[in-house]
Amino acid sequence: MESWQFPQGVHPNTSKPAIEPMASEASVPKREDFAKLVLQGPEPPSLWYELIGMLRKAVRYRSADKHFTLSVCAMSILHSLFPILEWSKSYSLKSFRSDIMAGLTLASLSIPQSIGYANLAKLDPQYGLYTSAVPPLVYTVMGTSREIAIGPVAVVSLLLSSMVQKIADPTLDLASYRKMIFTVTLLTGVFQFAFGLFRLGFLVDFLSHAAITGFMGGAAIVIGLQQLKGLLGLSHFTSNTDVVSVTRAVWVSFHEPWHPENFFIGCSFFLFILGMRFIGRKNKKLFWVSAIAPVLSVALSTLMVYVTRADNRGVKIIQKVDAGINSSSVKQINLNGPYVPECAKIALICAVIALTEAIAVGRSFSVINGYKLDGNKEMIAMGFMNVAGSLSSCYVATGSFSRTAVNFTAGCKTALSNVVMAATVMVALELLTKLLFYTPVSILASIILSALPGLINVQEVCILWKVDKMDFLTCMGSFLGVLFGSVEIGLSVAIGVSFAKVIIHSIRPQVQILGRLQGTSIFCNIKQYPMVCQTPAVLTTRIDTSFLCFINAKFIRERITGWVTEKLDEIRSVVLDMSNVANIDTAGLAALEELREELLSHGIQMAIASPGWQVIHKMKLARLIDGTGEAWIFLTVGEAVEACLASKKGGDLEC
């Protein structure tokens, strides 16, 4: 029988297997052969190869079994950009009936909410309705989520009003303010499209779950405080969003004439909406009661004000709402002015926040229905719909959790429910806007207030405190920053704490002392598994970082040399388990060389076990292997420890 051998230089992507199956115990290779695997493996893929692979994956054509032709490529791009071409093939009349019912139910909630969110964004009511008309149509043909409901949301509306008003004050120059909003919306769409096109979805992850939880909670309270202006019928109110400024504004307003009828109408219908929501949650068949409660509140309050002419007694009303579907806003977009950099900064923040909320909402419901949401396609769809929206008098739109939940509960089957909703909103813009003249402003405040409890997740904050104190600190930093500072401060604190967490873990990675589990070749952390025992003359350590680099190399070297110094008389060898180290830079290589020389000066041999593919490749290029010696590079920790003990006379193989 031929002896079992390792093929040299066989690339893992070839069809020939790198290792032949073992036929018998006689063909089992020696430990030295295993160690050679580490040094004689193929070169890892280069950075250029990985970039080309990412590009190919981004523009790959649909069917790999088809020959690449221009028509196949074109069809692939079309199907990638417009998922509706796929799911429409199996679309049925039954699904269409379900989507119509879901869309109509969704519209009954979207119309009053859109008007309220436009008020929050300091825009006229029709702009909220515009945003619920055009973006949903674009998303339907380009999005991958079946349940997500597109339109304006509270948090993004607050972001826009709080940041854009620093460039153009809507109370002094509403036309300029509106131009800035459309410009920011266009740039938001461009950023979102770029994120999806270049597969930069990881940028959204810079805002961690803990940061988003705190930000949403703080934003919900700030939005609620802002609604006191409409709820109390105040004429003068602060433009700041922090709790101190809002509290001071409310306190000052109490010393001025105000009309309690506004407060009575707002609170009454706020309790009515909450009551209907409670009924809908108790009985799933009555979900529609909760959905129509806002539009019913608008209708009843408007009728009440009209019949009693309460507007003559101080009740503030919406008054005129422009009729007609979206008009073009192309000429209002200004990309040459001095405020374009500020608009770009605001757009980047809005793009990240809007994508974070939409993708989180979409993934939550896709998991329930058992299909996968394509994050990059979602970003492209969101980008297109906001670019189209900016050209048709819309402001930033995204997925709404409350409306998506209603859409899902109403039984939607596809994104076509968004089309039904958009069509209903357009009909309302054409025919029903005159009926909104006497709608009280306080009812819009109550509708917004009723949607806020879903943004505050106290249970999640408690879990963060129990599981990870650093995440809790991130959450509270974001929350308090929004509450007592501003939206920008809250986001800055959240991102700052998140980066600090990453940097701290990178600077001070885990470096563990390992011990052998008796009777086995398994090595474990002695602190996590106290029953293991250490091999007397060998210090076995594990470096728990994926990237040994300039930021942590010195810390790791000093930690290991510190342990060696403590037991200098006992230790004769040091084994570095580098199985968790995926990559290394020149600073990391220099640290390994310095550690080897320092150990050698004390007569201590250094061995390296299970180095990563990139690590061993760079060690060979830097000639670090020549200094360490090929004989001291091992495939496993057990082999390294046994070799160290065997090289010392009288060494005990066991603990």
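Using the three backbone atoms N, Cα and C, a Cβ is placed for every residue, glycine included.
According to TrEMBL:
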DOMAIN    548-644  domain 'STAS'
REGION    1-23  region 'Disordered'
TRANSMEM  181-200  transmembrane segment
TRANSMEM  206-225  transmembrane segment
TRANSMEM  263-279  transmembrane segment
TRANSMEM  286-307  transmembrane segment
TRANSMEM  380-402  transmembrane segment
TRANSMEM  408-428  transmembrane segment
TRANSMEM  435-456  transmembrane segment
TRANSMEM  476-500  transmembrane segment
Item to check | Selected stretch (most C-beta pairs under 8 A with the transmembrane segment (380-402)) from 181-200, 263-279, 408-428, 435-456, 476-500 | outcome: 181-200
Checklist entry - Looking only at the domain 'STAS' (548-644), what is the mean pLDDT? => result 92
Checklist entry - Among the recorded stretches 181-200, 408-428, 435-456, which has the greatest number of Cβ pairs closer than 8 Å to the transmembrane segment (263-279)? => result 435-456
Checklist entry - DSSP says what for the domain 'STAS' (548-644): how many helix, strand, coil residues? => result 55 helix, 15 strand, 27 coil
